Amino acid sequence: MNVEEFFNKVVTVRMSPDESALDIIDQTLLPGTIKRIEISSRVEIWDAIKRLRVRGAPAIGVAAAYGIALLASRIESNGLDDFYAKFTEEKDYLASSRPTAVNLFWALDRMDRVVKNHADDSPDDIKEALFAEADAIREEDVQISRAIGEIGFGLLRDLKRNGQAVGILTHCNAGTLATAKYGTATAPMYLALEHGWAGTDMHVYCDETRPLLQGARLTSFELYHAGITTTLQCDNMASILMRSGKIDVIFVGCDRVARNGDTANKIGTSGVAILAHHYGIPFYVCAPSSTIDMDTPTGEQIPIEMRNPDEVTEMWYRERMAPEGVDVFNPAFDVTDHGLITGVITEKGLCHTPYDEAFLDLGMGP
Ligand code: MRU
């Protein structure tokens, strides 16, 4: 299977052929089982986001966009005001699924604007426009990831010396399974393949990413299938890798970047950044502009999702590995201080500190 065939097989979100449901790959079953499922009711869509059947900030945005389009298509209303009230109820419900990834709210806001901009049209026209907007969000995500990949690939090319593989470390999964195609943190790697690099020209080290193992189950799975030299390590092994000189650069994704550059990403990311700072390794955040939240001044204001303790006390395959009743600390994300970030790679350009000015220069924000 070539990379393109693999991308098609694991498409995160699309409409089912008869447009009656969202067709998603159930990421909770990976890597053992590649299974697509159809989700159709409001509860199924909410639950798929909450339980990480579909996950990763951009993919959550795409799922929310198609989800609200689908739910809106079933609204029966007496005129526009009634339609909008029911639409808002569905939108608020989907928005309550996960708090940290701003793409969820960004996508739902974008869908909301479609309804407002069609205030003179019939509900049927609005329903059609909502599906068109969801298609646009998905297609833009492909192009945005590609643009991030081109910039990231430029950085990789600069690091390539004496025919040696470039050592890259990544945390969690900001790959094709988290987006509509190329991933964000993985986009530089996929673009490198397109630019003629062999899978052996780079060596990607994937943090397993406890507790839910997105690095092991998803990132190492997709990079391995793409033919990229990939090594999986436990999270507490990143330090020895960096110390031994195996890591030239770090690429991570993000769930929300505050105006000052503070970045929320999967729990453990800030530790990777602190280590990278210690060892003098460049640490890049790959951020579509939809993940940059200019309304959130600093990381302090980013809501961090707290998840079920079972995710810590039981292994992924549900074997108990801690005593019943033990207290558990299980935040799903942490915030990396902007001072530890070498650069934020957006589709519009590479940003450096001061990030608020750099983001504004690239046209983000009000
Ligand atoms: O809890 P998850 O699996 O949704 O967390 C995903 C991450 O933290 C990703 O790194 C982030 O969403 C960026 S995806 C391009």
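Glycine is no exception: its Cβ is also placed from the backbone N, Cα and C atoms.
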If I go by TrEMBL, which of Arg14, Arg36, Arg98, Arg243 binds substrate at the same site as Arg55, Gly56, Ala57, Gln214, Asn265, Lys266?
Arg98
Arg55, Gly56, Ala57, Arg98, Gln214, Asn265, Lys266 excluded, remaining Cβ within 8 Å of their centroid (substrate):
Leu52, Ile60, Ala101, Cys172, Asn173, Ala174, Ala178, Gly253, Asp255, Ala332, Phe333
Go through the recorded positions Arg55, Arg98, Gln214, Asp255, Asn265, Lys266 and pull out the ones with a Cβ less than 6 angstroms from some atom of ligand 1.
Arg55, Gln214, Asp255, Asn265, Lys266
For the binding-site residues listed here (Arg98, Lys266), tell me which residue's CB has the most neighbouring CB atoms inside 10 Å.
Lys266
Look up Asp255 (active site, proton donor) in the DSSP assignment and report helix, strand or coil.
coil
Check the DSSP secondary structure of Ala57 (substrate binding site), expressed as helix, strand or coil.
helix
